[in-house]
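**Q** Mind looking over this structure? Questions follow.
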Amino acid sequence: MGLLSERSCLFFLFIILTEGHYTWVQAQHCVWYGECGESDKVPGKRYNCNYTGPPIPLPAEGHELLTELCPGYDYGNQSLCCDVKQLQTLKGSLQLPLQFLSRCPACFFNLMNLFCELTCSPLQSHFMNGTQFTNDTAANKTNVVEVQYYIGQTFANGEGAHFLVPALFVLSEPTPMVIIQLVDVSVSGMSPMNNKTYDCTEGLEDGSGPCSCQDCSPACGPQPVPPPLPPPWTILGIGAMVLIMWISYMAFLLVFMGTVIVDASCGETLGEHFENALRYLFTRWGSFCVRQPLMVILGSLIIVAACSGGLVYMKITTDPVELWSSPSSQARQEKDYFDSHFGPFFRAEQLIITTTLQSESSYSPYPAGAPVPFGAPLDKDVLHQVLDLQTDIENIVASYGDQKVTLKDICLAPLAPYNDNCTILSVLNYFQNSHKQLDHSIGDYFYVYADYHTHFLYCVSAPASLNDTSLLHDPCLGTYGGPIFPWLVLGGYDGEDTLITFPVNNYHNDTVKLGKALAWEKEFLKNYTNPNLTISFNSERSIEDEINRESESDLSTVVVSYAIMFVYISLALGHIHSFRRVLVDSKISLGIAGIVIVLSSVACSLGIFSYAGIPLTLIVIEVIPFLVLAVGVDNIFIIVQTYQRDERMPHEELHQQIGRILGDVAPSMFLSSFSETVAFFLGALSTMPAVRTFSLFAGLAVFIDFLLQISCFVSLLGLDAKRQEENRLDIMCCVKLPEGKEGKTDGFLFRFFKNIYAPFILKEWVRPIVVAVFVGLLSFSIAVTNKVEIGLDQKLSMPDDSYVLDYFKNLSTYLHTGPPVYFVVEDGHDYLSLEGQNSVCGGVGCNNNSLIQQVYTASLIRFNPSSWLDDYFDWVKPQSTCCRYYNSSGAFCNASVVDTSCVHCRPMTPSGKLRPTEQDFMNFLPMFLSDNPNVKCGKGGHAAYSSAVVLKGNATSVGATYFMTYHTILKDSPDFIDAMKMARVLADNITTAMGHKVFPYSVFYVFYEQYLTIAYDTVFQLGVSLVAIFVVTTVLLGFELWSGVLVSITIAMILVNMFGVMWLWDISLNAVSLVNLVMSCGISVEFCSHIVRAFSISVKSTRVERAEEALAHMGSSVFSGITLTKFGGILILALSKSQIFQIFYFRMYLAMVLLGATHGLIFLPVLLSYAGTHGVVCPSVNKAKVFAANKRYAGTERERLLNF
């Protein structure tokens, strides 16, 4: 009602004047008196009788009515130009204006000023002339059909009365006709009516206060000036972050070139005892696994079977609320509060319809007026086709079990059981969803006086009107009994498209009713075809259905991706010495066994948590196998390739050799696996359910994979080694090749890393270039990290061929309002006291910082909030016919009931006109909430507020309530995030002003709340993971603090560079990308930890030599084990139809593998060559460690490596 003093007064002036009946006479006389014959153009209405005599004293029974209608008017002896019947007609006509204008006393006074003078003034003939009459033959009287009404310019332009000038167009409607003449001087003997008017900021003489702020903007107090947006942070006109990082980078290069390049002596770290303990433990265990393979394998199978048995209890969560919103989060708790008090938000089934026809037109109102453009979707022929489509949807019958389900079984019907029509938000509901109403028109051979254009224009300007005021007099309210707001059914003011919404009841705790709704929605989701219509559609289940369909369609892509990795693993593990021994030296069966172990660890993790009742998510199913495969395959390659390069020592048996090898490599495997496990488990501290679930499942799967690899896989490796030594074929182990002597050779990758790659990367002139490039990339990534967009475009979650994409596109193009938002006042507020009422309401006497007032002035709120409290005050006023009860029983009496025993709730006294007392407030509030709007009373609260107010204690007190409005248009994630931020700030301000808890609620808050803290969550998750990796690395490397620092620095650089890639590749930060970042942290450990441990146990004399040895010995295994394995599988993901797969899996997986490989195999060895533990950090090489290493490696391949 923000423009009530203009628009609503104009609207109701139109209503009254089209019902009035007026005349011409000589001055000093009446124009009419009494009522005569019925109007032939407005059924049920009567003309006034032509009367040119002097005013007639008003009978006594009309005195109270005159005082009620025209307070403050003193007509002396009350000789008037109207009788009691005319006053009663005037009162009946003023019921709707009274209900809507009562919050603005000045506006209502000015309107009454106009009509009281027009209807009853004893000086009527001074400013009125009858111009057209007809005969009432039955009563032998003359009807007044048309009058001229002279109004002064001063009155028309006066404060609070300037609505009269825009009324000229409205007053030009056909009969009964009132022609206004605006003059300030006498014309043809007529003196204009120029009574005093009141500004909306003025109080009246009867003590009424000024109008409310919503109805009169000048009455508002000073509005707080929002703080200006902070300007972009710049230095010398350049982005501050960019400039700072450039300066930092150049400073680093200067310091690096000047100081770090200078070689320095280096020492070894402490911790040989811890290293020996781990080596001894894993050596003994490896030997046992080879000596007792059946026991180990059988035990592993039993444990895997027991753990995997939990899969029968597996539950997959696809509910978006459960995926993205923690039960303890603010949005989730507010949603639960709203659902438990007011019921869950309805399910929405929606169509957006445009037309291919070029049938735009322009409507020219009769008899005059500016042309109004009507878009093609509002062409009547198109509307008929749309109505046919709408009717077909209404008639959909679905099957649920052995029951038939129709729209009426599940739809929202707010006036049930009095009116069981479904709520259908459609432009066709302006015409009661009827072809006949759409075709209704009035005209003659020459002109069309009123048709669907007229009705449409009236209804969109006053959607809450019961009937239009044209000659049609057709209803505007929908068949369900409520208004059809144009911003919900029209895309643009000239009708660029039409929207049809079918609200369906939501049933969170009733699976049967919910199943019926889902069954009907499934039938609703069909391809709608019409050659003249373009139709996009969406239902509540659409997104979930399409995500499931997407997962099924991408299953083949994922399977091919894993198949490629499996084939590569099976073939790459073998080290072929000659063509004759291809089938002997290949390790296809061992590779398959390794893959099965990886998958078994995933199954065990899923099964254990399924036993615990923790549901899975699609992210867990899609991501964890990829993660565990990366970690597990890397470890498999390290074990197998170390065995292949090793030579058995004299008098050493196979189990001793494999035990010794496991003692060498298992600490490195344990380091990486345990670091990842701890990091993932700490990631479970996240409040995001999807991230927390992923972290739990991933941490356990990685650790189980490690345990199976050092037990079951080692036993299988021992069996495969025996097969190979006996010259038996791989897979077909019963077939044996003849004995032949074959020389032992190194693999191609190992020779390449040892002889070419490692020496090149660590050349004196290459190392500075490597550092400069990588630090430059780091500086760039830091500079753009804050530019990574936050959020998830919902279109990305849909397949490329999804019908929902068309709906999303049209929704953002055509929708002209945002989602509804409810400001919920929690239980406990005192609505019975004036202080409590004034802190909430928005009418006369309410606080300037009340709830309604603050919401009204908020920047990101599109419409005035609906206020049950203000409408209740209007409804209960004694001047209104709304609040009545049966005198005999005290039961509510609807305004449409004609019964003499029905009396007003409150007396027409000064005290009765005030707000209701505490007792009256609670006595009449249930009546208001049960009253259906009707012609006599448009303020009934049943449809609008029956669910907005919770009555407690047998309707003796008010509990939780809400006040609804709409957000402004929201199109992308930043819009939604800003809207939620604003609503929460606004609610906090309201809470402070009221001294009682108020919170905002909208259906999208539970999905977007994560983005309010996503930056903090990301820093926390990755920071915790890095700390865990640092601590575990330091401990497991024999308390080598500096090595832990270098690993953490390298992984941190990978993560920061991931943000640079995200900015370059338009990957937004959300829960999906955060899961990938956490996984990237884990995979990065694999790229770094093995190299660092190999460096830490090296006994070479310089850092460069130690780095070269570590890179040569471990680089090929890391490269073949992770990089090549993942690269082929990742490339297949680019072929996925799913946009979310292409962006968040293909792009991010490719980035994490490439960044991990380049940092682990290029930057880290160079960093170790400069900053590795030697001399600067620790005093000298540990002599005991050198002696122990030389003794262990005497006569082995490693001894040659030490001296290469």
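All positions are counted from 1 along the displayed chain.
Placed from the backbone N, Cα and C atoms, the Cβ positions cover glycine too.
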**Q** Ranges 397-416, 977-996, 1117-1136: which does TrEMBL label transmembrane segment?
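**A** Checking TrEMBL against the ranges 397-416, 977-996, 1117-1136, the transmembrane segment one is 1117-1136.
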**Q** Spell out yes or no: are there three or more C-beta pairs under 8 angstroms between the transmembrane segment (1148-1171) and the transmembrane segment (694-719), with each pair 6 or more apart in sequence?
**A** no
**Q** For the transmembrane segment (1077-1097), find every same-chain residue at least 6 residues outside the stretch whose CB is under 8 Å from a CB in it, and list them.
**A** 269, 275, 623, 626-627, 630-631, 634, 638, 667-668, 671-672, 675-676, 679-680, 683, 691, 694-695, 698, 702, 1018, 1021-1022, 1025-1026, 1029, 1033, 1037-1038, 1040, 1043, 1046-1047, 1050-1051, 1054-1055, 1058, 1106-1107, 1109-1111, 1113-1115, 1117-1118, 1122, 1148, 1152-1153, 1155-1157, 1159-1161, 1164-1165, 1168, 1172-1173, 1185, 1189
**Q** Could you check whether the transmembrane segment (1019-1039) and the transmembrane segment (661-682) come into contact, where contact means at least 3 Cβ pairs under 8 Å with the two residues of each pair 6 or more apart in sequence?
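**A** Touching, yes - the transmembrane segment (1019-1039) and the transmembrane segment (661-682) meet the threshold of 3 or more Cβ pairs under 8 Å.
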**Q** Among 294-314, 555-576, 618-640, 661-682, 694-719, point out the range having the most Cβ pairs under 8 angstroms from the transmembrane segment (588-612).
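**A** Between the candidates 294-314, 555-576, 618-640, 661-682, 694-719, the best contact partner of the transmembrane segment (588-612) is 694-719.
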**Q** For the domain 'SSD' (554-719), what is the mean per-residue pLDDT, to the nearest integer?
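**A** Over the domain 'SSD' (554-719), the predicted model scores a mean pLDDT of 80.
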